[in-house]
Amino acid sequence: MRLVFGEKDAPYEEARVVVLPVPYDLSLSFLPGARRGPEAILLASRELEPFLLELGAAPEEVGIHAAEPVPWVAGMAEESHRLIREEALKHLRAGKWLVALGGDHSVTHPLVQAHREALGEFSLLHVDAHADLYPEWQGSVYSHASPFYRLLTEGFPLVQVGIRAMDRDSLRLARKRGVALFPAHRIHREGLPLDEILEALGKRVYISLDFDALDPSLMPSVGTPLPGGLSYRQVVDLLEAVFREKEVVGMDFVELSPNGQFHAEMTAAQLVYHAIGLKGLQAGWLSREVDHI
């Protein structure tokens, strides 16, 4: 049985938003299980309240369709990434706004490539505990530790928020390539520098969010948890500012590794649903029923 997001699954022809499960985790280097993340988020989404009090609207009313999971080939990273890119392109060319659910973070590379081919140029907002700027990891350029190195070399402007693990070479590369870096420790000491983040981004933005950006006390179900992460409120405030000021062309949410802690899956589903609502308000697909709550 095909899983859906939330209580209502819009017919594909009527949907504005397509949720694309990408259950690929061939490149994980620590705890396994991210391939089960998309299914866990879809199952948890059944329990969400359709009306979001904070938004004053019900995001499901934009029309959300959950697509079939993208197939992948065990042991064949390059071929699997090609399949991800082609599946994303299919939905983008049909005029859908895409929210992809990983899977490990390597899936971001083919997803971003598909968005560029279909929609043109944009900047990247990468929210994560890890910089993911290794040229390769464990002998593979398709590692979940490498997607943003590859995207940097392909010319994408990059803004990274919430980072708390980064090696010397990655830091040197980030400085050389003009990456705008907003590490978690600075955010905790000084507050979320929204004006600086918005200034560093272009007019059009693709957002990639690794759930380990959140503190493990809130989000324990990730492959590589690190203390000192962002709060749910900080992440929501960041997303709200970006959606308010920029055109968000697409998103992915990655690296949920379900481990029996349902509150983490609910948190992930709620964050995805909130982001869909923000896009609905930005694009004029939704209107606030109630203001100033």
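The backbone N, Cα and C atoms fix where each Cβ goes, glycine too.
Residues or ranges marked as Mn(2+) 1 binding site in Swiss-Prot (evidence: sequence analysis): H105, D128, D132, D210. Other Cβ atoms within 10 Å of the Cβ of D210 (Mn(2+) 1 binding site) number 28 in total over all chains.
Applying an 8 A CB threshold to same-chain residues 6+ apart, the list for D212 (Mn(2+) 2 binding site) reads D128, A129, H130, M219, V222, G223, T224, P225, L226, G229, E255. According to Swiss-Prot, the Mn(2+) 2 binding site annotation covers D128, H130, D210, D212, on the basis of sequence analysis.
Taken from Swiss-Prot, the feature site 'Important for catalytic activity' applies to H144, supported by similarity to another entry.
Cβ atoms within 8 Å of the centroid of the Cβ atoms of D128, H130, D210, D212 (the Mn(2+) 2 site) belong to the same-chain residues H105, V127, A129, D132, G162, I163, F211, A213, V222, T224, E255, site residues excluded. In the three-state DSSP scheme, D212 (Mn(2+) 2 binding site) is classed as helix.
For D132 (Mn(2+) 1 binding site), the Cβ neighbour count at a 10 Å cut-off comes to 28, with all displayed protein chains included. Secondary structure from DSSP puts H105 (Mn(2+) 1 binding site) in a helix.
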